[in-house]
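Q: Sharing a structure below in structure tokens format, with a few things to ask.
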């Protein structure tokens, strides 16, 4: 069994890290470089940076801060937001990112997944899936979730999209359960379990972490490869070294903190 990954997520707006609840009411959490270095020093396995305004504002991610981060940290990092072409992905990767994550652009043009996989390899291509449980009990996909006023429902079942994204070349899936985002009540284990049953590539849980037990539940009950979280790390509610010690005590394999 490979070590499970602990992944802080940094939502970026205007070069600053912000965090909201269910994608609303964002609060400034600090400088992007300072937080990135802090998480690297604490033992994060990788980082995800999400330019939350890029896709809703129909612009590309700013590579200036990507270059800055690449000079400062020596752990893998992934960049998401506004990556809608091979050329944009190339700029992001050449600026120093290890992976790109696509979400709304892939929903608008699914063949983008294959284009990126063919150009850079599946190991560089992450597909982010924002999922909401609707009144009929089905989980369906949302797009442009970085801006609640522009978020759109997509008539596509989450589980169907996860299967299709893999077929097209996704090397990793990040499933963000929007109903749980920012409220710290735990990951949506039931949804993650159903995704895991269909997911042949690494699956990352996102949305809902509020206690160390929540990470253990996602790893033990849904068999995810990594757990992504934001507010509990930014606020200091959970420190990564303590989290890793706790997980080891639960017989969950994680990498050492150096």
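Glycine residues also receive a Cβ, built from the backbone N, Cα and C atoms like all the rest.
Residues or ranges marked as active site in Swiss-Prot: 11, 130.
Please go over these features one by one and say how buried each is and what sits next to it.
A: All chains included, 24 other C-beta atoms sit within 10 angstroms of the C-beta of residue 11 (active site).
Cβ-based neighbour count (10 Å, all protein chains) for residue 130 (active site) stands at 26.
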